[in-house]
Every structure is written in C-alpha cells, then in structure tokens.
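Annotated transit peptide per Swiss-Prot: 1-33, in sequence order. What Swiss-Prot lists as region 'Disordered' is 20-47. The compositional bias 'Low complexity' feature in Swiss-Prot is assigned to 20-32. The annotation ATP binding site is assigned in Swiss-Prot to GLY57, ASN58, ILE59, ALA60, SER61, GLY62, LYS63, THR64, THR65. Residues or ranges marked as active site, proton acceptor in Swiss-Prot: GLU133.
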Amino acid sequence: MLLWPLRGWAARALRCFGPGSRGSPASGPGPRRVQRRAWPPDKEQEKEKKSVICVEGNIASGKTTCLEFFSNATDVEVLTEPVSKWRNVRGHNPLGLMYHDASRWGLTLQTYVQLTMLDRHTRPQVSSVRLMERSIHSARYIFVENLYRSGKMPEVDYVVLSEWFDWILRNMDVSVDLIVYLRTNPETCYQRLKKRCREEEKVIPLEYLEAIHHLHEEWLIKGSLFPMAAPVLVIEADHHMERMLELFEQNRDRILTPENRKHCP
C-alpha cells in the first residue's frame, strides 16, 4: 500500500521536472556526472557557516564508535543511520527481507533507504557541525552498486534508482564537506559483526563484506568510476577500541575545524 501514493507522486514529478525531462536522452547504466543547480545566495552563505561530515565505511567498521566519540563535542549534532526505520515500515522489515533474499527485496529496501537518507540530509541543521553515519551517496555508490554488480538487482531497477539519485543531486542540497573513511579489513569487520550478533546480520557472509570493501576502495581511495562527494580523510580502523579512540582524538581538528579539512589527502 505504501508504494501506490509514491508512484503517483513520482509520476507527476517525472512529468514536470524529473529524470529524463527537457528532452534529455536516457543513457546507459552506471554513475554519471551530474550538474547541480545553483543555490540562492542566502542558502550558500548559511552553508558556509555550517559543515556536514559523513562517516563512511564497511559494516562493523567502527562508525558508531566514531559518532559516539564526537557526540559530546561542542556544537556538533550526530545523525545515525535510520536503521530502526528500515527494520519497521508499518510492520514490515525490508532490511531483514533484503538480507534473506536480495534479488526480491533489494529495490524495495534501497528505495526506502534513499528516501530516509534524503530526509537526513535535508532536515534543518541546528549545530555548526553535522556528523552523519553514512550518506545518500554511499547508499547509491556502495549498496545499490553492489546489488547490481552481484546480479541481484535487474538493470531496469538499477537505472530507475540511478535516475532518482541523479535528480536528487541536481535539485536537492545533499552536499557534504568531508568524508571520514574508516578503512577496515573485511575479516576484521566479519569478526566484529559476529560478536555484536545483530539479528539481520547473522546471514551476512565474509564475501559480502569483501565486495562492500572493494567498492569503498574504488570510490574513496582510487577515485575511479564514482564522483567524489567531498575531500576524504582516511583513518585505518582495524585497531582495538583504545587505539581507535586515540586516532579519533588525533584527528579531531582535521574533522571538526573547517580550515583543516581543506588539507585532507
């Protein structure tokens, strides 16, 4: 029932100004460079005073630990992934369904992920620094891409999601000022994942984590195929908790101070 009103709204949006409008030809699958709209001067000035930082990384790479570390910093707001929403959409659990049958439920989950992450990006920012767990960019470049490459998402589903993502980039402000990449060995993630024992994650194999790691490397290290959403600060995150907290402290200024972010490699 949830999809019917969305379909009607989507059809109207597409006719008016959505993907493929103005006679632009449809292109093949795959990420594309997207021309973003120019934002009003007052919005640009407001953005100059505020920063959005996304913490990216594999499943169980330490993102929650990173967010918790900086959550007590002055004038920092933290937005976690809306996992609780993905687990319960009017009584349904699309996250759990996707992990058990990605071919059937991949599009369902990723459509909702894109919507909820868009909500995260566009909600009013009350602090100077917003720290987000992942982003709408990694939803597209990592998780949608993995479903498609692994053969679990048909090309038509992939193209439709990509068209919506490109439209969002052109028409909505989902910009990011810095990406903190917690670079973690897939085997380390797998061991951590087994220890925390979340219900939906019990079926995740090591091969899945390896595929997700490979896509993060393509996007954030090699800079190949995918557009870079922001400068990237890489933190090696295979270490134990105490060492990770030390690394977060060492990188505090590079993460929270705008002038220092410009010098991130």
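Yeah, the Cβs are placed from backbone N, Cα and C, and that goes for glycine too.
Sequence features annotated in Swiss-Prot and their locations in the structure.
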| residue | record | Cβ neighbours (10 Å) |
| --- | --- | --- |
| GLY57 | ATP binding site | 26 |
| ILE59 | ATP binding site | 18 |
| SER61 | ATP binding site | 28 |
| LYS63 | ATP binding site | 23 |
| THR65 | ATP binding site | 15 |
| GLU133 | active site, proton acceptor | 21 |
Let me know the DSSP-derived helix, strand or coil state of SER61 (ATP binding site), please.
coil
Given the ATP site residues GLY57, ASN58, ILE59, ALA60, SER61, GLY62, LYS63, THR64, THR65, which other residues of that chain have a Cβ within 8 Å of the mean position of their Cβ atoms, reported in sequence order?
CYS66, LEU182, THR184, CYS189, ARG192, ALA237
Which of these binding-site residues is closest to GLU133 (active site, proton acceptor) if you go by CA atoms: GLY57, SER61, LYS63, THR65?
LYS63
